[in-house]
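These notes concern the structure reproduced below.
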Amino acid sequence: CKLLPNTVMGLIKMNLTLESHLLSQSCYLLQARGQRSFSIDYKNNCFLKDGKPFQYISGSVHYSRIPQYYWKDRLMKMYMTGLNAVQVYVPWNFHETVQGVYNFTGDRDLERFLDLANQTGLLVILRPGPYICAEWEMGGLPAWLLQKPNIILRSADTDYLMAVSNWLAVLLPKIKPWLYINGGNIISVQVENEYGSYYACDYNYMRHLRALFRYFLGEDLVLFTTDGNTDKEMTCGTLEGLYATIDFGTDTNITEAFSRQRRFEPQGPLVNSEFYTGWLDHWGDQHAVVDVQKVSRVLGEMLTMGANVNIAGEKNLSLWCMTSYDYDAPLSEAGDPTEKLLAIRDVIKQFRDIPSGPMPPATPKFAYGFVSLRKVNGLLNTLSPLGPVESQYPMTFEELKQYYGYMLYRTTLPRDLSEPTPLLSPLNGVHDRAYVSINGVFQGLLERDTKLVMNVTGQQGDTVDVLVENMGRVNFGSKINDYKGLLSNLILGKDVLTDWKIYPLDIDGAIAGGWPHTEIQKSPPATQKEPSSTGPTFYMGTLQPNGLTWDTFLKLNEWTKGQVWINGVNLGRYWPARGPQQTLYIPGPLLSTTLPNNITVLELEGAPAHLRVLFMDRPQLSITAQHH
């Protein structure tokens, strides 16, 4: 305890009680620090935890995809499966949505999540990016980076490095106390993510990251990289001083994959940083499923070889990505243990003692039944309180600092169009879908890559409204510089449309503030039910409380495409005809036991005549399994 600073020693002389307290505390800390270590044993090809050989079996869990009130439940289920660690992504854009404004509260409270994992008995492998992929909007990079028009993301581009350095200077000091060697539970930290699959292959960028991580987190921490199972990916993604790991799924020759890791790391532990036990769904595809027996067999083979394995597959709630991120994971989107989870537990049992006691049960579900909705009219001043920006030519979402959601572009017809006249986006400039109305009457839509032209008619001076939907930015590959809005001119016949009024729409903000339900209470209800409309329209209704706040699943049968909010919280998108998912997961604690639960729907194309939505007690993740 001679290491105590002089100032504290001075205090000790003044106060004998303080003396004994401080001495015992500091001795304890020095002792704890001395005992705790996590390192790589290159001679015996394993990790060492506190000097003893250690094999981790971890599972991916995305705190950003799970409401805070279910964090403990999900972590406990992972612990009871026999996992001794969890692997955690930190999405930069989740914490710094607006440049320079950092949010680590509520569902974004990373340190609370780390603390809960620690209390549960789980170590943490942290993946702070700055790019994370993770089937997450723009791979976790904030869209405000795109305000620099020629920025080269994930490279040594000066503007990009400046933004990354500023972010890591905020994030990494928060992380440091949570390192295992400092008394926390983080055993290792990944630098970037599968960088070898990116075209830039910029070693200066990776060197810059290595320097930042070392500066903020110290020299003793295990830093590592993860890359796909090819020579090119391992070549571009690895860097001296960062331990090279590999990732692969059930259809891979394990021996071949690990011998590839060995070519890049001749000594040290074998690590599969992402063992894919499922796969993600894309709109319009079949729901992805991976065979349970195959998962068990491959996991068993890897653990027999002494490999360290992270089991991938996670959940989702929000606008950040594909709405259901069920991923055919061992825990379902609602956090329910699946056959796959129990099979994984049976495999782990053969390699380590697993906690005794029953698996925590599935959360209770309830079918609250049908709710009828009604149309909401007149909303532009509510949704765009600052009014429009006027511009001769269209501007992008990024130029107007509206990074997500929707913007309305408004102009007028330059001449009479008695015959149907083509409206087109010749440079494929609609990112991602544009809903076109003339004088409030829906005409049809333009869609990126698939529908670049439509016909319109009307009179000179008629109002042209183009509502543009951002469907989420590309999260992988060379096209992550994914600008949104109208990126180039719209051409009507031979005319370029000009003189636009552009309204950024804060739909989330308005609905979180109680709109439209608070507005409607001020005005008397319509005497007769208005019919459903075509084109972008809001609908609202209430689910009466019944004393329960159980999880439920919302189905929008015969609705076309749009988005849903419950009690001001954005649940995500529906698109049943495209599929595969047919339901939206609603965590029970979002519901009130005493107050009416407000439902708001933005239908973009056309609502059904019945205007009803259905709350069910089970999910439906494929088009074929229709429940009526």
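Using N, Cα and C of the backbone, Cβ positions are placed for all residues, glycine too.
From a predicted model like this one, the values you see are computed outputs, not experimental measurements.
What TrEMBL records for 47-350 is domain 'Glycoside hydrolase 35 catalytic'. What TrEMBL records for GLU194 is active site, proton donor. Annotated active site, nucleophile per TrEMBL: GLU274, in sequence order. Per TrEMBL, domain 'Beta-galactosidase 1-like first all-beta' is recorded for 394-506. Marked as domain 'Beta-galactosidase galactose-binding' by TrEMBL: 536-593.
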Summary of DSSP states over the domain 'Beta-galactosidase galactose-binding' (536-593), given as helix, strand and coil counts: 3 helix, 27 strand, 28 coil
In the chain carrying GLU274 (active site, nucleophile), residues 6 or more apart in sequence that have Cβ under 8 angstroms from it: SER60, THR226, ASP247, PHE248, ASN310, ALA312
Proximal but sequence-remote residues of the same chain as GLU194 (active site, proton donor) (Cβ under 8 Å, at least 6 apart): CYS133, THR226, ASP227, GLY228, GLU233, GLY237, ASP247
Per-region confidence, the domain 'Beta-galactosidase galactose-binding' (536-593) (mean pLDDT, whole number): 95
